[in-house]
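A.B. asks: Before anything else, here's the structure in question.
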Amino acid sequence: MSLVQRVTPIEGSDFEPPAQLEGLFNPQSTPRTQGYGTITTPNNYSLHHRPSVSHSLRHKRSLRTVLSYDAFPKPEEPSQATNPSGGVTAYKVSTARRIAQVCFTVLACWLASGIVFGFAALKPVLVDTGVYRQYCTAEELAEDIDVCYEQELRMNFFFAIASTTCNVSALPVGTILDRYGPRVAAVIGSICLAIGTLLMAFAFYIPEFDGYIVGNIFLALGGTFIFVPSFSIANAFPKASGLIVATVTGAFDASAAVFLFYRLSYEASGGTFTPEKFFFGYLIVPIFIFVGQFTLMNEDAYKTVPQYEAKLEKEQDATRDVHDSDEDMSENEVRKLRNKRRFHRESKIQEIDRLLGDADERHQREEKQEDRLIKSGVWGVLHGKTATEQILTPWFVLITLLTVLQMLRMNFFIATIKAQYRAMLGSRILARRINMFFDVALPIGGIAATPFIGLLLDHTSTATMLSVLVALITAVGVVGSLPYLWAGYLNVILFVLLRPLYYSAMSDYAAKVFGFATFGRVYGCIIALSGLVNLFQPAIDAMDHDIFDDNPIPVNVVFAALAFVFGVALVAYVWWQGRKVTQAQEAQMAEYERYRIIPEEDDEISNLNLRS
């Protein structure tokens, strides 16, 4: 399971620390550059400008920004996420081409982004073709057991290393995406995918060549390089960006079914559709992605909504129709030229309105976003702080502990589901049934759960959302420890619902608590730690075999107990801090409103200081 599976919306609002807002009320303040993480402040601010800042406090204390994936920013250089430049203007590209680009991106994600997480479906093929069978002892071979201990251990490590690669690689992938754009990232992804495919094909074709682990690493790396840049395509249709992000995410979930479809084909062919044939044929996917990047996709990403908003504000300035050079022309020429300029300026406004929606639509979206942020109860609590300061807080430590544990637990379940239920139910046939049910439910569950996840994140506080999450985690832990067939099916259902909810909730938590500007560093640190700890999965397999005699119940009980303890601690802390945040925001609102409605002189306004 990879934490890069789900992200929050690609753009949103970060809380602006009070010290940075003093310029709004200072008539001598210097204008700041319009862009991500900045507010344009006029030099001549006075009492006459009060209506322009008479909106809610939350509106005046938030900054439009985009998700920064860069985990290694250069302090001396502004990042593309916080200070955008370039980008393709969406309305200059035909609607048909943009639709084709969205379809291409979704298809690429479905075919390549997360296929390594279909390991549970591929594993029976690995076993049937004798992968790592040479490591079985003579006694185990004589007993003709399905999977011997060393074979099981190596195949599980085969999956663990791929999962770790997905998470750790998100750090360099995000940095490359922010600095060089989506085409470079996708091209690197297609090359990695091709290398991984060839290594896997030759590993099956040449028994003496052990290229399974290295091949799977490249498949995982290629998937991350293809998936992470895919979210930028949402800016092709800003009004439908939420739907596009959800569709791309759903494609990642569905990609786990690639190996399922292959396994079904393998079984239907009676084993004649061998793995090497599949992987040699799969080469068409990275070739398709590579060619598509240069024939259909743009070299650069589309401009973001904040960029359009800045452009819209500029185009609405009618004084731009007047140039100093007009004085050298006749009155008739000036009139024609200014009308031409006005027509050109208004045509751009119309194009942006068609792209983003008119003023009313934009206002409604902003109000909805504000309500969602305030409802969370924790929005902005650490915004404006450095990534180092954020990492040293309980907000980071608690969520990291829970995430590391869940990562290890989920991947352990994916890798060992059949072995677990073979031991608990004492039946190979029943264990195979649960494994097959899981293979189908895994991709479907992520897609089916997406609408409900959106409703939960949009309409509940972060503390409530985490409470639901901890309850579901506990339920999975309890049901997963019961040695009954009905419990096995119920465990699979709860697991495939928990998986997308957990990662969506974690990225949502990170954006609201830590902010979009430091998302790449802080969230990247969480996923990297989780991926590295996942390397201990073979040690858990060994402990399960050596200490508990292949009985997974003790391990599952320990996982459930620790998750409950960490989860309750996180919920309690967020609830407690959320109350403090709400009280502070209410106090700030009252103070802001008091200063706003009291008539004061300009010199008094310039000394106004909003206390945090």
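Any Cβ shown, glycine's included, is placed from N, Cα and C.
No curator has checked TrEMBL annotations; they are predicted automatically.
Annotation source TrEMBL lists region 'Disordered' at 1-33, 314-335. The transmembrane segment annotation in TrEMBL covers 102-122, 184-206, 213-237, 243-266, 278-296, 395-415, 436-457, 469-497, 509-533, 553-576. Positions annotated as compositional bias 'Basic and acidic residues' by TrEMBL: 314-323.
Can you tell me where each of these features sits in the structure?
C.D. replies: Long-range contacts of the transmembrane segment (102-122) within its own chain (CB-CB distance under 8 A, at least 6 residues past either end) are made by residues 1-2, 5, 158-159, 162-163, 166, 186, 189, 193, 216, 219-220, 222-224, 226-227, 230, 233, 236-237, 244, 247-248, 251-260, 262-263, 285-286, 288-289, 292, 296-297, 414-415, 417-418, 435, 438-439, 442-443.
Beyond the ends of the transmembrane segment (278-296), by six or more residues, the same chain brings 97, 100-101, 104, 108, 111-112, 183, 186-187, 189-191, 193-194, 197-198, 200-201, 204, 222, 226, 262, 265-266 to within a C-beta distance below 8 angstroms of the stretch.
Through the fold, the region 'Disordered' (314-335) approaches residues 341-342, 345-346, 348-349, 352 of its own chain, all at least 6 residues removed from its boundaries and within a Cβ separation under 8 Å.
Note on the compositional bias 'Basic and acidic residues' (314-323): DSSP counts are 6 helix, 0 strand, 4 coil.
Residues 1, 3, 117, 119-120, 123, 155-156, 159-160, 163, 167, 381-382, 473, 480, 495, 499, 502, 506, 509-510, 513-514, 522, 525-527, 529-531, 533-534, 536-537, 540-541, 555, 559, 562-563, 566-567, 569-570, 573-574, 577 of the same chain sit 6 or more residues outside the transmembrane segment (395-415) yet have a Cβ under 8 Å from a Cβ within it.
Distant neighbours of the transmembrane segment (469-497): 406, 410, 413, 417, 421, 424-425, 430, 434, 437-438, 441-442, 444-446, 449, 505, 553, 556-557, 559-561, 563-564, 567-568, 570-571; these residues of the same chain sit at least 6 beyond its ends, with a Cβ under 8 Å from one of its Cβ atoms.
Residues 377-378, 394-395, 398-399, 401-402, 405-406, 408-409, 412, 420, 424, 462-463, 466-467, 469-470, 473-474, 476-478, 480-481, 483, 540, 543-544 of the same chain sit 6 or more residues outside the transmembrane segment (553-576) yet have a Cβ under 8 Å from a Cβ within it.
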A.B. asks: Check for me, if you would, whether the transmembrane segment (436-457) reaches the transmembrane segment (509-533) - at least 3 Cβ pairs under 8 Å, residues 6 or more apart in sequence.
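C.D. replies: No; fewer than 3 Cβ pairs under 8 Å.
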A.B. asks: Which residues, given as numbers and ranges, are at least 6 beyond the ends of the transmembrane segment (243-266) yet have a Cβ under 8 Å from it?
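C.D. replies: Same-chain contacts beyond the flanks: 5-7, 9-10, 102, 105-107, 109-115, 117-119, 121-122, 124-125, 128, 223, 227, 230-231, 233-234, 236-237, 273-275, 278, 439-440, 442-443, 445-447, 450-451, 454, 500.
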A.B. asks: I need to check the long-range neighbours of the transmembrane segment (509-533): which residues 6 or more away from its ends have a CB within less than 8 Å of a CB in the stretch?
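C.D. replies: Tertiary neighbours of the transmembrane segment (509-533) are 2-4, 8, 11-12, 14-15, 36-37, 65-73, 81-82, 163-168, 170-171, 174-175, 178, 373, 376, 378-387, 390-391, 395-396, 399-400, 403-404, 407-408, 462, 466.
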